[in-house]
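**Student:** Here it is, the structure in full.
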Amino acid sequence: MKLVQDKITIITGGTRGIGFAAAKLFIENGAKVSIFGETQEEVDTALAQLKELYPEEEVLGFAPDLTSRDAVMAAVGTVAQKYGRLDVMINNAGITMNSVFSRVSEEDFKNIMDINVNGVFNGAWSAYQCMKDAKQGVIINTASVTGIYGSLSGIGYPTSKAGVIGLTHGLGREIIRKNIRVVGVAPGVVDTDMTKGLPPEILEDYLKTLPMKRMLKPEEIANVYLFLASDLASGITATTISVDGAYRP
């Protein structure tokens, strides 16, 4: 059984890491997938990789400025107009920052909040415009275990992800009357480019504290997205699912 057969799906941050793993998994399960990336070059590279893996499937790609509601709405609207609807929006794009409170700059803090919180808000807002009349849809937001427990390695990232969790829970309660579900996923330490970009000493400390003695694979997070986007999760909304291997920052 293909869990998301013919579901029109957009994945931000879909060119690598968790987002790219989700794109592959959703295609394999019958979805019509569009990916958003940071640059058009990055998007084109990912599209070429997906075309090689799934030559019979059409995948669309865009590189909107996620901090601009108009830019995100234009890209989301293009997808919805082409297929006649939007079923699943996965707001997965984000950046990290590892400055502690006493050293974080105002500019860096504003930047991570703009991308990680405003970017998710803009994606959710745009998706809602395409889902509200049909009274159906699922919005999935990537949070983080650090948004629940905080982190000693930095203040900006966990603050932004706590914002994503608050947005998810509040929006989920507000728009369930339109039969639109909103769910967060809070990964632990995942083996992605973002994690590999951490300072070696921080990554080493992370690995020492992992109860599973390994980082999670992007596919393990994508599996949860697939379930949440499917009709099997029809009763789940306004909550955040932790996929953290018992890790606590």
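Cβ coordinates are placed from backbone N, Cα and C, and glycine is handled just like the others.
Heads up, here are the entries from Swiss-Prot:
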BINDING   Thr15, Arg16, Gly17, Ile18, Glu38, Glu42, Asn92, Lys161, Val190, Asp191, Thr192  NAD(+) binding site
BINDING   Ser144  substrate binding site
ACT_SITE  Tyr157  active site, proton donor/acceptor
ACT_SITE  Lys161  active site, proton donor/acceptor
**Student:** Whole-number answer please: how many Å between the C-alpha atoms of Thr192 (NAD(+) binding site) and Lys161 (active site, proton donor/acceptor)?
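**Tutor:** Cα-Cα, rounded: 17 Å.
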**Student:** Measure from the Cα of Gly17 (NAD(+) binding site) to the Cα of every one of the recorded positions Ser144, Tyr157, Lys161, then give the nearest.
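**Tutor:** Nearest by Cα distance to Gly17 (NAD(+) binding site): Ser144.
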**Student:** Measuring Cα to Cα, how many Å separate Val190 (NAD(+) binding site) from Lys161 (active site, proton donor/acceptor)?
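**Tutor:** Roughly 15 Å, rounded to the nearest whole number.
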**Student:** For the NAD(+) binding residues given in the record (Thr15, Arg16, Gly17, Ile18, Glu38, Glu42, Asn92, Lys161, Val190, Asp191, Thr192), what is the largest pairwise C-alpha separation in angstrom?
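**Tutor:** Taking every pair of listed residues, the largest Cα separation comes to 24 Å.
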**Student:** So how many other Cβ atoms are close to Lys161 (active site, proton donor/acceptor), meaning within 10 Å of its Cβ?
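**Tutor:** Result for Lys161 (active site, proton donor/acceptor): 30 neighbouring Cβ atoms inside 10 Å.
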**Student:** Drop a 10 Å sphere on every Cβ of the binding-site residues Thr15, Asn92, Ser144, Thr192 and tell me which sphere holds the fewest other Cβ atoms.
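**Tutor:** Lowest Cβ count within 10 Å among the binding-site residues (Thr15, Asn92, Ser144, Thr192) is Thr192.
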**Student:** So which recorded positions are near Ser144 (substrate binding site), with CA atoms within 10 Å, out of Glu38, Tyr157, Lys161?
**Tutor:** Tyr157, Lys161
